[in-house]
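Enquirer: Please find one structure pasted underneath; my questions will follow.
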Amino acid sequence: MSRRTVVNYEPDSTTSTFSTRSNALPTTRNSVASKRIGNHSNDIVAYFHDEEVGNYHYGERHPMKPHRLTLTNHLVISYDLDKKMEIFQPRRATEEEIMSFHAADYIDFLKRVTPENMNNFSKVFSRYNVGDDCPVFDGMFDFCKIYSGATIDAARKLTNGSADISINWSGGLHHAKRVEASGFCYVNDIVLGIFELLTHYPRVLYVDIDIHHGDGVQEAFYTTDRVMTVSFHKYNGDFFPGTGDIDEVGSGLGKHYSLNVPLKDGIDDESYIYLFKSVMEAVINSFRPSAIVLQCGADSLGCDRLGCFNLSIKAHGECVRFIKDFKLPLLVLGGGGYTIRNVARCWTYETSILVDHEVSNDLPYNEYIDYFQPDYKLHPHLSGKVENMNTRQYIRNLRIKVLEHLRFLDGAPSVQMQEIPPDIQGFLEMNDEEEAEILADSAKGKEEKEKQRGRDHGNDYYDNEQDVDMDMDIES
């Protein structure tokens, strides 16, 4: 396997932050899908979008706006990127598919509760963590079925060999747990998509660049070595969801197959990309995944409503480019992102990266062009709004400690490349000791979440829809 030299992180380093070099791993029959020449790109890219998904509404003052998906799709089409992909109208996930991960009683609740009858279910709201962050809204379960069905279908395009890259920007809801909603997420489509990938691929790598820890996915696969989870996020023990410390590494067979990269406020392009590339190259060389799932939460951008990083859209996209260049089957999903015009810009730019097509910085005219005033650019200036608390020494030490965890990996894990993966049912079952270890590792986060259920989230909620979209100021 070819490796690229990782340079030392020094102030006078001349290494370019953005790179076009390929990281492609050697192709093997079982680990990498066959590359075919499509009409527009060396990679066949499948794009999943349902027009209805952008019409759902969490509530007037809620920061999660599915309308961002409509903005994204219109920008993608305005740039003619749809002509370089295979476009699919996804089907809705079935209850049986959703319950392959989620508990039946929880799904029955999601299916039955509505704004009109919610008072009849108030006694179980705390059990299922439904409330301010995860409100009951019109069509809630249909919304879940749409984005989950798109992720499952996108994964199947990879497993049946009809696509090299699959995109579902409506997916990536990484906080949902087996028996409860969390962080604006009700059904964990990522887990469902990984389940589908595991029916064909021996090992799946999950990478999360949302500003919030990918806790729901980590928890789901905490005891298996067939899925490695890697999350880059803000962590201080208090920031939602309160989990994601560097010492959360997995348990049982999954010990050392959870990797967390905890960051502080204000991280900039150079530091983030340096960490991302050095960590991910080491992870992929060690774990040797058969397929990759990349969650592209856009709340890690500068100027995000609920974020506190300084990343540009180009830096966020560079992470996508770096993972794409490993030439492994790739499922790309959305996630967080609450300044919706920047979410649309980011995911459109990343779509252009995935189809290998350079796009202009001048936004093409489209029905929603007024959302992008006053500059009408794809790459607005988003950096430098928050003081960077990640010192060079902190970044160096963090990199060393994260890479040290990889030394505990015993090469590729248990399922051999030539073996057909076992049936997914039951492979995540854990004993009492493993379950206790999961609870212990996430105890601080659980306690913090309980506190937050009764806490005003401050800048999480706004007076009206226009306020969410147009005001760009960030509170420290």
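In case you wondered, yes, glycine gets a Cβ from its N, Cα and C as well.
Copied straight from TrEMBL:
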REGION    1-33  region 'Disordered'
COMPBIAS  11-33  compositional bias 'Polar residues'
DOMAIN    62-353  domain 'Histone deacetylase'
BINDING   D133, G183, Y338  substrate binding site
ACT_SITE  H175  active site, proton acceptor
BINDING   D210, H212, D299  divalent metal cation binding site
REGION    435-476  region 'Disordered'
COMPBIAS  443-460  compositional bias 'Basic and acidic residues'
COMPBIAS  462-476  compositional bias 'Acidic residues'
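Looking at the shown structure, can you explain where the listed features end up?
Expert: Take the CB of D133 (substrate binding site) and look out to 10 A: across all protein chains shown you find 22 other CB atoms.
Around H175 (active site, proton acceptor), the C-beta neighbours below 8 angstroms that are at least 6 residues distant in the chain are S182, G183, F184, C185, N188, H212, G214, D215, G216, P241.
Listed in sequence order, G172, H174, S231, H233, Q295, C296, G297, D299, S300, G335, G336 are the same-chain residues six or more apart from D210 (divalent metal cation binding site) with CB atoms under 8 A from its CB.
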Enquirer: Let me know how many other Cβ atoms fall within 10 Å of the Cβ of Y338 (substrate binding site).
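Expert: The Cβ of Y338 (substrate binding site) has 24 Cβ neighbours within 10 Å.
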Enquirer: So around the divalent metal cation site, D210, H212, D299 aside, which residues have their CB within 8 A of the centroid of those CB atoms?
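Expert: Going along the sequence, the neighbours come out as I211, H233, G297, S300, L306, G307, G335, G336, G337.
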